[in-house]
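*Asks:* From TrEMBL, for reference:
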COMPBIAS  1-18  compositional bias 'Polar residues'
DOMAIN    91-293  domain 'ABC transmembrane type-1'
REGION    1-24  region 'Disordered'
TRANSMEM  41-62  transmembrane segment
TRANSMEM  90-113  transmembrane segment
TRANSMEM  125-149  transmembrane segment
TRANSMEM  169-193  transmembrane segment
TRANSMEM  228-254  transmembrane segment
TRANSMEM  274-296  transmembrane segment
Amino acid sequence: MTAQLTDELITDTSSRSAPTPPPKRRNLIHELRAYLKASPAFAWALALIVLPNVMLFVNSLWKNDFGTVTKSLTGENYQALVESEVYRTLFWRTLVTALSSSLIATVIAYIAAVIVVRYFGRVKIVVAVLVLVPLLISYLMRIFAWKIILGENGILVGAFGDAVPKNILYSQISVILTLTYVAIPYVFLSVFVSLERIPPHISEAAGDCGASPWTTFRTVLWPLSRGGAAVGFAIAFVLTFGDYVTPAMVGGLSGTMLGSIVLQQFGIANNWPLGSAIGIVVTLSGLLVLAVISLFTRTEARYD
């Protein structure tokens with residue numbers, strides 16, 4: 001009798017402890033609510049990103065006849081970009097400039113973020129805010145400041161003398177230096193947030209196990225923060241690849257980039273279809289770089 005009661009008790013307990021699967025209808029309601037919550041973001045992206053690019057692409061397929069746009073589909077604008085040596089040269093110059101400035105900005109910002117996070121303790125937030133202060137200054141003012149620094153009688157030439165070429169202004173080098181300065185705060189913010197998510201005891205544990213600082217960085221810090229560095233690099237590339245203000249102010253003819261040509265086509269040249277085609281090339285190039293970064297960079301590990 002006792003054994004029978006025990007078996008009934010066990011059966012009753014197991015039946016009560018077994019969770020019942022939630023109904024599918026409830027899951028569907030939760031999914032619909034999630035989609036509804038995300039709908040404003042989708043609508044925003046559709047209105048300000050997708051539709052303008054679709055309109056730009058359609059405009060790039062039209063034809064320009066001496067300032068008059070003919071709405072007949074043609075691929076002449078893209079053919080002109082491929083066949084013209086001038087546009088090919090501008091594309092490669094723009095790509096090299098954007099990649100160089102983004103890479104330099106990422107290296108400098110990463111080193112700065114590591115120093116701030118590891119050695120500034122309680123005041124690291126204050127120091128990080130100071131690094132981001134240039135973002136509060138007008139973009140044009142920052143570029144104009146670099147125009148003064150790189151000028152023939154500027155601070156750089158005055159400090160280093162003949163070691164610095166006097167014609168450094170209005171060159172590709174001046175564009176790279178200025179764009180690097182512009183991109184550093186954005187990369188720093190991305191890397192700083194990534195490093196802040198790494199608990200300090202992980203690095204301490206690596207040191208206690210006998211790992212050198214370089215080994216700790218290579219096996220702990222870098223794998224956990226390279227996602228932030230990749231995001232920062234992507235932001236810097238997107239900002240620099242389509243920039244037209246910086247090349248116009250400090251680049252001159254030898255520092256002209258595709259963004260400047262887009263401005264000319266929509267302005268003085270009055271060739272909107274060709275300008276749209278160049279804009280599509282700039283957009284696709286940025287998306288291609290983002291895709292490559294996402295393929296070769298694994299998601300940053302998370303620790304609670």
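Here the Cβ of each residue, glycine as well, is placed from N, Cα and C on the backbone.
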*Asks:* Out of 90-113, 125-149, 228-254, 274-296, which stretch has the largest tally of CB pairs under 8 angstroms to the transmembrane segment (41-62)?
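*Replies:* Against the transmembrane segment (41-62), the leading stretch is 274-296.
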*Asks:* What stretch, picked from 90-113, 169-193, 228-254, 274-296, has the most CB pairs under 8 A with the transmembrane segment (125-149)?
*Replies:* 169-193
*Asks:* Cβ under 8 Å, sequence separation of at least 6 from the ends of the transmembrane segment (169-193): give me the contacting residues as numbers and ranges.
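*Replies:* For the transmembrane segment (169-193), the sequence-distant neighbours (Cβ-Cβ under 8 Å, at least 6 residues beyond its ends) are 93, 96-98, 100-102, 104-106, 108-110, 112-114, 116-117, 128, 131-132, 134-135, 139, 142-143, 146-147, 150-152, 154, 225, 228-229, 231-233, 235-236, 239-240, 243, 246-247, 250-255, 257.
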*Asks:* Sort out the residues at least 6 away from either end of the transmembrane segment (274-296), same chain, that have Cβ-Cβ distances under 8 Å to it, and list them.
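*Replies:* Cβ under 8 Å, 6 or more out: 53, 56-57, 59-60, 64, 77-78, 80-81, 87, 91, 94-95, 230, 233-234, 237-238, 241-242, 258-259, 261-262, 264-266.
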